[in-house]
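Trainee: Below is a structure I'd like to ask you about.
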DNA sequence: AATGCTACCTGCAGGC
DNA sequence: TGCCTGCAGGTAGCAT
């Protein structure tokens, strides 16, 4: 599941490889992947544009194009990018491309046989393909079809990002902002961390890791946190995201980098999908529970469950 | 205004 | 072996 570190990592890879390239044409294999504008307009407008820059905003990947346009890509659950070298996309149907890669995958990429990654598998789920003038081909693959690709005028960035909150590494994500965002919120802290208007880019993995960092139980009511707890959580969010980027992202199921390789942050998580394993801090077995229809992982010793004391007094 | 629930999708694990 | 059920999770949109 790509969250901020995974998107950041991909953005850096794309910046180093496709900035300066010109899109000859795009192909769309699943129309609902295109969120804006209508598919015919998307195809017509993207052709001939030069990629001038690659940015990340929250979990959005933004590619600035010539003519004051930009592409917004949100990978949601299973979206991935794969960059194919020149020579494979020209005049080939996707099926031919798939067959070619399948039979000669050796020289194309370095690739861990133990991972069992199949290029055929990736190509089968190609939803949008950008073919560059130099013959390279950037694929957006997405088995679950939740991912979105949009093309926008530069002036519509706010609309494209739809109320996204502050970047965790920017000054906008200040302790004062975070404190204000928690104030008066009766919802549990886990769900609040997943709210992209509070802080942009945190998903299920890093929300659980940040709560472990701050020794907070996921069901704690947001408005029950002390100033010290808020400060520690604020620090924890930045810390776990930073570590995630340093480790090249967390590969749990579907996440792969631009060349089809897996990130290694999964070797560094403390609680996410670690239920039944001993806590790295105290040895207590990590537990899993469902909060708001999604899983939360925590150490029951380090992150004690809230009791009556966490309910604000009537006088407050 | 804040919160809760569901649709969107498909692969896969688990049960029988 | 094969079918069926449920789960995974980010976000929009709708209901409360």
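Here the Cβ of each residue, glycine as well, is placed from N, Cα and C on the backbone.
Bear in mind that TrEMBL entries carry predicted annotations, made automatically and left uncurated.
Look at TrEMBL and you will find A:2-147 tagged as domain 'Formamidopyrimidine-DNA glycosylase catalytic'. Sequence annotations record features per position, and here TrEMBL assigns active site, schiff-base intermediate with DNA to A:2. According to TrEMBL, the active site, proton donor annotation covers A:3, A:59, A:294. Residues or ranges marked as DNA binding site in TrEMBL: A:144, A:185. Taken from TrEMBL, the feature domain 'FPG-type' applies to A:270-304.
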Trainee: For the residue listed as 'active site, schiff-base intermediate with DNA' and residue A:294 (active site, proton donor), what Cα-Cα distance in Å is obtained after rounding to a whole number?
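Mentor: Here the two Cα atoms lie 16 Å apart.
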Trainee: Among the recorded positions listed here (A:59, A:144), identify the one with the smallest other-Cβ count within 10 Å.
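Mentor: The recorded positions A:59, A:144 were compared, and A:144 has the fewest Cβ atoms within 10 Å.
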Trainee: Measuring Cα to Cα, how many angstrom lie between residue A:59 (active site, proton donor) and residue A:144 (DNA binding site)?
Mentor: 17
Trainee: Out of A:185, A:294, which of the recorded positions has the smallest number of neighbouring Cβ atoms within 10 Å?
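Mentor: Least crowded of the recorded positions A:185, A:294, by Cβ count within 10 Å, is A:294.
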Trainee: Roughly how many Å lie between the Cα atoms of residue A:294 (active site, proton donor) and residue A:3 (active site, proton donor), rounded to a whole value?
Mentor: 16
Trainee: Take the C-alpha atoms of residue A:3 (active site, proton donor) and residue A:144 (DNA binding site) and report the distance between them in angstrom, rounded.
Mentor: 16
